[in-house]
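Enquirer: Mind looking over this structure? Questions follow.
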Amino acid sequence: MRWWATGNLVISAGLALTNLEGVPPLLCALVGYSLIALGIALVLRGVRVHCGDTLATGQIVLITLIAMLVSGYFTLIEPSVRGRIAFSGFYFGVLNWMCGYAAGRYSSERGVPIAVTGFGLLGTALVVRGMHLLMQEGPVDLSSSTVLGITMLTVPLGQVCTSFGLILMVMWRYAERLRQLSSIDALTGALNRAGLEDQGGRLALRLQRARRDLAVLMIDVDHFKQINDSFGHAAGDEVLRCLTRLLRQELRPMDVLARIGGEEFVLVLDGVDPAAALRLAERLRARIADEAVQCEGASVAYTVSIGVVASAAAGYELPALMAAGDRAMYEAKRRGRNQVCSA
């Protein structure tokens, strides 16, 4: 956001300088056009940074130098108001198109179509202005041309669309972060209970409508309090993080993983029948028992108890499935822990 704000301030300073009465042409060309190019480059960097990319400082300097050198050429070496204004139209138009391309290519957030439209309008208006000046005969007259008048009306519209679109992109990003914070467990990165109710509930409803199998695994770390008491809470936290990573390795993208209590996890499995769910649970149990967690020089071995339930036995209501899975999980604990039981 700060790159966009800084860029727009620099562009405003450049536009003000190029439109001041009585400003020496050299100052207008070398400083004014350079500031506008620098400002657009900063906006481009802001767009790319927002989308997870960047624009190198050297590239920003190059963009600015090109504007300075070409404008200086049409001021000092080959004086031509037409050439200077036409060049600025083509050059700044292409830079705006690059901003729109970056936003449209790298981001899928709300507000992107508006921002892309704004950059497209700005770029098109500036390029049309440059082309019209090159084809115009006689002295340069910026006030009497209908084409130039239309382009000058289009520029503010493009600026409004661009600003509004960029603001929407930032607002959408912050809203998405807040949504993630409200549904993600901070320690493990798995879904929390609220996230499970949302994503797990939607998955269960979709599978019910498609008449496909649904399975739920309730997983609880055995003797977790003893791990905390013997090795410290840092070791307990590391056990939970390692367990989450291990569970993710066994899951597919459409499955749902959530941590709903201190050491209790839930897996909601898409299209998995009871037999396949039991095989997966047994594989997880065995793998967890074989992989100790390393924390601060200590090797922490742990096991889990797993309760398995399928929609064929308990229906598609997620709370009912979890309750049945919970009962199966506690049955596994009663049988001596490090066990798998089905409802």
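The backbone N, Cα and C atoms fix where each Cβ goes, and this holds for glycine too.
These came from TrEMBL, pasted as-is:
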- 212-343: domain 'GGDEF' (DOMAIN)
- 23-44: transmembrane segment (TRANSMEM)
- 56-77: transmembrane segment (TRANSMEM)
- 83-102: transmembrane segment (TRANSMEM)
- 114-135: transmembrane segment (TRANSMEM)
- 147-172: transmembrane segment (TRANSMEM)
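How buried are the listed features, and what sits near them?
Expert: Cβ atoms under 8 Å from those of the transmembrane segment (56-77) belong to residues 25-26, 28-30, 33-34, 36-38, 40-42, 45, 83-84, 87-88, 91, 95 of the same chain, restricted to positions at least 6 beyond its ends.
If one looks beyond the transmembrane segment (114-135) by at least 6 residues along the same chain, the residues whose Cβ comes under 8 Å of a Cβ in the stretch are 47, 82, 85-90, 92-97, 99-100, 103-104, 145, 147-148, 151-152, 154-155, 157-166, 168-169.
Here the transmembrane segment (147-172) has Cβ contacts under 8 Å with residues 1, 4, 8, 47, 50, 96, 99, 103, 107, 109-122, 124-126, 128-129, 132-133 of the same chain, all six or more residues outside its ends.
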Enquirer: Let's see if you can do this one: DSSP helix, strand and coil counts over the domain 'GGDEF' (212-343), in that order.
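Expert: Across the domain 'GGDEF' (212-343), DSSP assigns the residues as follows: 64 helix, 35 strand, 33 coil.
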Enquirer: May I ask for the residues of the chain that lie six or more residues beyond the transmembrane segment (83-102) and have a Cβ under 8 Å from a Cβ within it?
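Expert: Same-chain residues near the transmembrane segment (83-102) but 6 or more away: 29, 33, 36-37, 40-41, 43-44, 47-48, 51, 53, 63, 66-67, 70-71, 74-75, 115-120, 122-131, 133-134, 140, 142, 158, 162.
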Enquirer: So what pLDDT does the domain 'GGDEF' (212-343) average out to?
Expert: 93
